[in-house]
Amino acid sequence: MAKRYLILEDGSAYAGEGFGAGATTSGEVISNLNLLGYQETITDQIYHNQIIIFAQPAIGNVGINHDSYESILPTAKGMVVRDVTNISTNRLSRLSLDEFLQQHNIPGISGIDTRHLIRKLRKMDGPVKGSIVDVADAHAFDQLNATVLTNRQVDQVATPKPYPNPDTGKNVVVIDFGLKHGILRQLSERRCNVTVLPWTASAQDVLNLDPDGVLLSTGPGSPLDLGEGVLEMIRAVQAEIPLFAIGLGHELFALANGAKLEALPVEYHGSSHPIRRIITNDIIYATQGQGYAVSAKTIDRDRLITTYVDLINGTVQGLRHRDYPAFSVQFFADGAPGPHESRDLFDEFMEAMTARREG
Amino acid sequence: MAKVVVDAMAMQRALTRITYEIIERNKGVDDLVILGIKTRGVYLARRIASRLQQLENVTVPVGDLDITSYRDDIEHDAATDPTVSAANINFSVAGKKVILVDDVLYTGRTIRAAMSAVMDLGRPKSINLAVLVDRGHRELPIRADFVGKNIPSSQRERIKVSVSEIDDRDAVEIQQA
């Protein structure tokens with residue numbers, strides 16, 4: 001394999017072996033601490049335009065299968081790993097990770113001490129830009145420093161047109177901010193007749209479909225870049241129809257109800273934080289991926305109830321509206337990848353829809 | 001033959017949803033009191049109260065109501081209506097928003113008697129009814145405000161609610177007669 005480099009905007013360069021595509025790419029460098037689920041991670045649109053460093057040292061050992069895609073066209077900018085394992089004996093495996101990355105023109109680099117790198121990144125301020133390049137020379141650093149990170153991620157990955165995912169059960173409208181397929185999979189398992197709408201849909205567009213429930217999806221980037229229109233839509237819809245929001249959707253739900261966000265000192269992507277479910281005072285684990293968190297002190301307690309809290313960093317992980325059956329979680333309740341124990345939030349959503357129709 | 005229609009997880013979710021709906025409907029927990037109808041309604045009432053405590057950090061008073069004559073969801077004796085009496089209620093219900101909690105809503109006769117028992121204690125601001133299961137077959141004009149699950153049933157069937165406090169598990173089962 002060819003020698004390649006990961007270079008960072010602070011001028012550092014890390015030599016490794018290339019795998020996957022031979023492309024030269026740049027993007028924000030983020031750390032993923034999950035032990036499992038590299039396929040879900042690399043295909044999740046929240047990693048649009050990002051270079052993902054994996055703390056788990058052996059990546060690729062279950063290949064790529066049909067069941068773990070979180071998007072059709074992954075748009076991550078690269079994978080940085082300690083060891084890449086291109087031998088898979090997993091019965092579900094259809095492709096090797098290497099072949100998959102080649103198909104999607106995503107470069108990988110192995111032989112990097114990723115845990116050391118992740119510790120270093122934690123000490124650096126704000127988003128860190130990096131590139132995967134063939135030669136770490138002055139030209140490569142010039143190119144990297146000239147790279148401007150986009151703030152139009154949602155527009156770039158979310159659907160521009162409505163589409164259906166038909167079934168015979170409850171009518172659910174999913175607002176797509178760059179959704180992960182896990183959300184659609186959970187709704188399909190519950191026989192929901194889904195219509196996916198672009199994130200620019202108005203409240204009237206949603207209400208015209210007379211849905212039993214509305215789900216605001218996960219997505220990449222900052223919710224602050226999406227403007228006021230989507231917040232107005234959320235305020236109008238939550239008053240009429242049961243609403244469930246996840247990830248970026250949760251952040252928007254909080255903004256729509258008067259709370260503010262704070263950028264985390266370091267983005268957190270992992271599944272090892274215990275999360276307290278306040279109402280029953282028990283602990284769950286879930287895959288989390290967030291650069292922002294709802295600022296607890298800005299929550300208007302007359303409008304929102306805090307329902308889940310991260311016990312490691314203290315961040316708000318779930319909210320519920322006081323007046324409406326509208327609730328949200330920061331973590332990925334679809335459990336793709338990661339612990340499945342929060343999947344019953346989808347059952348909660350189903351039961352909220354049933355209660356509304358029967359009540 | 002018994003069929004589980006609500007498992008432990010679903011029962012937890014139903015009580016969680018009912019708790020949130022109580023907050024939604026009452027705009028908070030001010031002046032709430034919760035009265036559980038014996039036997040299993042008492043445990044459900046306590047679970048709802050503990051959820052409210054977790055969420056709002058407020059202790060909502062919980063009391064019990066005792067049914068003396070018969071359980072109308074088990075045996076049906078058309079000759080006598082149930083009588084319900086207050087037990088373990090060491091607070092006033094006058095001016096309060098009372099939430100009655102029972103496991104199964106069936107003919108409505110127990111609830112009617114429970115309402116009379118509450119009225120005997122004082123004049124509440126309102127009475128709401130929360131039930132884990134509504135199985136239909138009402139004989140009185142009574143409906144629940146908060147329902148865990150609607151289970152349309154035949155009158156020959158028996159709905160059995162188990163709660164982990166006194167039974168071996170949390171479940172709702174339908175048993176064919």
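Cβ from N, Cα, C; glycine included.
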Recorded L-glutamine site member, picked from A:Leu187, A:Leu248, A:Leu252, A:Leu319, that accompanies A:Gly219, A:Gly221, A:Gly291, A:Tyr292 in TrEMBL: A:Leu248
Write out how many residues of the domain 'Carbamoyl-phosphate synthase small subunit N-terminal' (A:2-133) are helix, how many strand and how many coil, based on DSSP. 26 helix, 50 strand, 56 coil
Excluding A:Gly219, A:Gly221, A:Leu248, A:Gly291, A:Tyr292, please set out which residues of the same chain place their CB within 8 Å of the center of the CB atoms of the L-glutamine site, keeping sequence order. A:Ile46, A:Gln153, A:Pro220, A:Ser222, A:Pro223, A:Gly247, A:Glu251, A:Gln290
Cα separation, A:Gly219 (L-glutamine binding site) to A:Asp334 (active site) (Å, whole number): 14
Mapped DSSP class for A:Leu248 (L-glutamine binding site), helix or strand or coil: helix
Of all the Cα pairs drawn from A:Gly219, A:Gly221, A:Leu248, A:Gly291, A:Tyr292, the residues the record ties to L-glutamine, which distance is largest, in Å? 12
